[in-house]
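Take a look at the structure set out below.
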Amino acid sequence: MDSGRSVKRQRVNGGPEATPVKRTTSKLFAPFRTVGLVSPTTVPFTSVPLGKTSFQLTTSVGGSLQTYDVRRGLNLVFITRPQTPTTITATASWKDKVIAAFGDSRSNTQSGVWIFKRGKKVDELPLPEDFQDDIKRIIVFGTWIAACCLNRIEVWNAFTLEHHTTIYNSKPTRSGQLPSFTGVISTVPTYINKVFVGRRDGSVQIWNVSTSKLIHTLEPPSKSIGAVTALEAAPALSLLAIAYASGPVVIRDIRADSPILTIMAGSEKYPVTSITFRTDGLGAGHDGREEGVMATASTEAGDISIWDLNQGGRKMGVLYGAHNPPLPSLTDGQKAAGGISKIEFLAGQHIIASSGLDNSLKTWIFDATPFSPVPRILHSRAGHAAPVSTLEFLPSDFDGAEAGGKWILSASNDRSFWGWSLRRDGQSTELSQGASRKKAKKMGLLSHATLHERDKGMSLEDLKVPRITCMACSMNRDGGMGAMPGEKSIWTSGKGSKSKGSNSTEKSATTGWESVITGHEGDKFARTWFWGRKRAGRWAFETGDGANVTAVAMSPCGTFALVGSASGGVDMFNLQSGIHRRRFPPRLTPAQAKRLKLLQLQPHSEASTSDSPKFHQGQGKHTRPVTGIVVDNLNRTVISCSLDGKIKFWDFSSGSLTYELDWSPMTTITGLRFHRSSDLLALSCSDACIRIIDIATKKLVRELWGCETAIADFLFSNDGRWMVAASSEMAESSRKGSAISKAPRSTVRIWDLPTAHLIDAFQLRGQCTALAFSNTGEYLATSSSDSVGIDIWTNRTLFTHVPTRRIAAEDVADLVQLPSASGEGGSTLIASAITESNSDVNGAPNDELGEGDDDDVAALPEIDQLSKDLVTLSLVPKAQWQTLRNLDLVRERNKPKEPPKAPEKAPFFLPSIQDSSASKRDASSKELVASSGTADKQSNELSRLSKSTAIGRTADRDTFTSLLHTASTSASTEHYARLTKYLAALPPSAADLAIRSLDPAPPYTELVTFLNAITTRVRERRDFELVNVWVGVWVKCHGSLLLSGEEDGLDEVREALQLWREEARLETERLEGLVGLVGGVLGWVGGV
């Protein structure tokens, strides 16, 4: 320290031997969890009964399992931890446990079988040393656990969990090759120790797992029937249903080895992959009173077929569109996942559960009265079936009802629009697009026979709106669940009849209207949505020039929606009435157009002057697609940008152009973001640079470089201090000979806007498609092209200090830990802060976070006083010094109103507790007196106890007295500071006792020293309010002494008190002068 300033530490170069440590985590963000995952994998769900009527369904979401309670409406109850090292490939339920197998033989990663109970790992099954396959199915029966792979079957003892044996595929073909298993395995009741395994040649082998012997082989009906795709035991004894790749389902009698029934339930294009039987004894026949119901499904279609197996078998009905079928989307040839992975009748119930590759889990119920052979939906949990393309956190409304950044809106390539709750997973829902599934059923589009005949007609995709490319939201006019009650028409044009529009306007004036507007790919309509009602809105706004929508925006008040088109037009609509209000620039009347043409023909007119700042009405339309629109906070200015490289400022009221920034042909503008609190405008450009404009001055204030490729998405932080951007890049993944295979990666970069420094950068696997930052600053949301979930990251800087030093452009963290559905490995806001603070306290620098770099991180000094010219208040809580000032009143108020009363005596037949305790005390006292010999010894013991108690109570007073004596002998500022600091730390009662206990006897040394100490604090301008309280207590306790007479030493006390009074007066006058000066300046400024 030199003259009160800290000397800046110099950077020390590490020299050529210093090697930088590659960071593996982000400095500013920690992984939290992944939302939106229900059943995104091909692993079938597994069910476990809890009693007779309650069931739990467990699905796989990659590295963890999610368990849902059927009785509670598919409420999420467990998520397994820890995560498996690799992706889960098979699951099975066993009593109150769930078994999960994981591994990937193609990448030579770790394989294993873990056992979970209530979401926690409790055990693990051992694997042989030569195990290198992927487990496809797991079954538990009797005392055995069997896992089927493509070339072997592993068997464990279910009670000891020891590995029992390995069964290898041993049947050779004519070519000498060993046909592998299909991964389908099943058991049949009463067949002890037997498993049935499907093969690729269509045969089914029966193995004894206890002896590892092949018992029998069920040959296929024909050689061309295909591989076995599904096996399921029927409720009747010795019957097994076998599905083949060519489509048929054969029910065989195992004991007779003969087929009983053959049903063509599928085809070569849609083979049956899941079979289930109803076990409640109902559902078949014309009235549903008979048993014998079977259901089939395929991974290549989204339908569930219901079969009556009586009298030769017949199809009772088809549940069309139970899950979305696998269909190609309209973007980049990417497919939206679909198909059914598994169906299962719950034991003894008229409920069937199904899971689909469209990331959904559903339960269906069969109605008995009136009887229906086709079930209806009971409960559903779902998510996006394709990667997310657009993200945005829901903003707060005018009364803060949605405050906290706990809702996030997402749009996907599967044309769905979802709202996700970060508080409770069960609140997440898809915004309805109308009865599109009903229309599809009527048109027959959900039948797999016409599903892929896109060239002959419409498909299921065509009934949904195109993929959402942009969205805007404002909650200020959202009416919640009561918005527009009874309104059924959706997405109508505002150009309809006036009577209908006026009626709708009157309703919305009292209930609120739409709060979300979206733009769609290849569509000229921008559509509105009710967030409160979670459904489509009333209006579809068409662009004025008939071109496709490329950008949308909403005014801060929530009343107006703006739509930008691919031809450069910008139109404004009223959300309440749906009427077109304005065009930017406005359309000219014939007279205005003629006048403008005459002005342009004049050689020295303003219209022909290129450097003139004035723009005439009707001029300034963008010449290329609009890429961003925003409205300022006061609804005065509309700002738009385009691929023509121009940023235009429009007058909100008239629609005329007021100012323009032209960056062409240097660059084009691909996106726009606006931070309302700071009036900063961010624009992403084609040269991979983000430029910041202050809209008040219309000047370029920052240029942020660092992205290597085109910017995928970018945004401001909630406080406007950071700029976050994501760009796609390619990373080297592996070497194959001399070639290097590259995997797509995305890099998220964070800049500090005040300094324009790059402060953090980290990589994401896959291409990042969207970013979102919560309005509270708690969360950062990201989405990637290889996942249907949304990754949530927590902001570390909210609860701990994170150094934001500048980093090099190549200092990018390669993430090894990403958010997961279970949240394992991630950290919440507080947990992240605790982890960081603990590492600092323990003295272990975290180099990965940049906290171990002493070049830029220095210990902050404890600032006791900012400046000696400022009056500093104490850190004592206000309630504490106010209690000290009014301690007499507090004690008076806390006195009991009346003396305590003795408890009433109980009846004579009930012993009294007080009497028994009093008798015990009397007996014990008599024994004590008898043992001690005299009552004097007893009194001595009691006085000894009271003395020790008194010593404990006066410990604070003795410390205060010693500090007084030290300060009186040295009379230094340092000792005075110690005295006042100790007194400030005492509670009100102890501080009052310390001041009252000052020695009032001559020569009054303690009184004078105390007054000198507080006078020194006033002179130093410290503890201003606390010093005044102490003086008040001192005068209340010792003021009468000054009026008693002219004793020796009292003059020194009066002089010390007068000195404090003078210092306090001077300081008060100084403060009054400063306050008066500031008030006069503010009054003058306000009157200018």
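Glycine is treated like the rest: Cβ placed from N, Cα and C.
Note that the structure is predicted; figures quoted are calculated from it, not measured.
What TrEMBL records for 1-11 is compositional bias 'Basic residues'.
Taken from TrEMBL, the feature compositional bias 'Low complexity' covers 489-508.
Taken from TrEMBL, the feature compositional bias 'Basic and acidic residues' applies to 891-904.
Annotation comment: TrEMBL describes 931-948 as compositional bias 'Polar residues'.
Taken from TrEMBL, the feature domain 'WDR36/Utp21 N-terminal' covers 58-367.
Per TrEMBL, the feature domain 'WDR36/Utp21 C-terminal' maps to 864-1085.
Same-chain residues lying 6 or more positions outside the repeat 'WD' (195-217) and placing a CB less than 8 Å from one of its CB atoms are 139, 141, 144, 146, 148, 153, 155, 164-167, 170-171, 173, 179-188, 223, 225-231, 240, 242, 244, 254, 257. What TrEMBL lists as repeat 'WD' is 195-217 (among others).
What TrEMBL lists as repeat 'WD' is 619-660 (among others). Beyond the ends of the repeat 'WD' (619-660), by six or more residues, the same chain brings 547, 550-557, 560, 562-570, 572, 582-586, 596, 607, 613, 666-674, 676, 679, 681, 683, 693, 695, 698 to within a C-beta distance below 8 angstroms of the stretch.
Helix, strand and coil residue tallies for the repeat 'WD' (195-217), in that order: 0 helix, 15 strand, 8 coil [DSSP]. In the predicted structure, the repeat 'WD' (195-217) carries a mean pLDDT of 94.
The DSSP breakdown of the compositional bias 'Basic and acidic residues' (891-904) into helical (H, G, I), extended (E, B) and coil residues amounts to 4 helix, 0 strand, 10 coil.
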